[in-house]
Amino acid sequence: MCDIVRCRRSQLIRGHVLARLCHGIASPLLGRLRPRRPNGCPRRRGRQTYTRFQTLELEKEFHFNHYLTRRRRIEIAHALCLTERQIKIWFQNRRMKLKKELRAVKEINEQARREREEQDKMKNDSLKSAQQHHQSQKQQQQEHTVVGSQQTSGGGGGGSTSLGSHLHHPSIVAQNDLKLGLGSMGVGVGGNLSMMGGLDNKTNQDILKAVSNVHS
């Protein structure tokens with residue numbers, strides 16, 4: 001009986017030693033058999049893929065909560081047949097994606113604001129230039145009007161002076177014309193009184209009186 005026990009014990013010891021030896025030899029071999037990258041590092045696990053249903057449920061949860069508690073993470077993992085680590089990684093990636101989206105929206109809004117400010121500035125500059133051009137045209141028109149009125153007033157003054165010299169004392173000119181006409185008329189009357197015999201005395205007296213007044 002003792003021999004049997006000793007034999008059994010020795011077999012167990014030998015088996016244990018052989019197992020350890022085999023494990024020590026196999027471990028490096030298994031490490032060598034693992035796929036490695038060109039730089040010698042072991043290849044990482046493939047990216048986790050999520051089904052359409054899982055992605056939809058995770059998006060719904062992320063819409064309400066960007067951060068999950070441990071309890072809620074475990075519940076979602078059981079409901080979607082995922083591990084807790086997968087849920088945690090998905091939410092981390094989703095938060096990073098949200099930050100990038102917000103940053104992109106902010107940059108777009110900033111660019112739109114700058115473009116709008118530039119357009120407003122260009123519009124204001126064009127309005128100012130148009131106003132200045134209009135004011136300069138108006139000022140030039142006023143200057144031309146003033147110069148034209150001055151020239152007109154100067155020419156009119158000279159013309160009025162010359163016209164005044166020609167038309168000075170119209171009563172005197174009329175009297176001179178009347179003297180000339182009546183003088184010749186008086187000569188004719190004085191020389192030909194016999195021809196005026198047919199006229200009445202009153203008319204002759206009026207004519208003679210007018211002639212005498214003119215000569216005087």
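Glycine residues also receive a Cβ, built from the backbone N, Cα and C atoms like all the rest.
Broken down by DSSP into helix, strand and coil, the DNA-binding region (43-102) contains 43 helix, 0 strand, 17 coil. Among the features that Swiss-Prot reports, DNA-binding region is placed at 43-102, with the record citing sequence analysis.
Swiss-Prot lists 112-167 with the feature region 'Disordered'.
What Swiss-Prot records for 112-126 is compositional bias 'Basic and acidic residues'. If one looks beyond the compositional bias 'Basic and acidic residues' (112-126) by at least 6 residues along the same chain, no residue has a Cβ coming under 8 Å of a Cβ in the stretch.
Per Swiss-Prot, the feature compositional bias 'Low complexity' maps to 128-152.
Across all of the DNA-binding region (43-102), the predicted model scores a mean pLDDT of 92. Mapped onto DSSP helix, strand and coil, the compositional bias 'Basic and acidic residues' (112-126) counts 15 helix, 0 strand, 0 coil.
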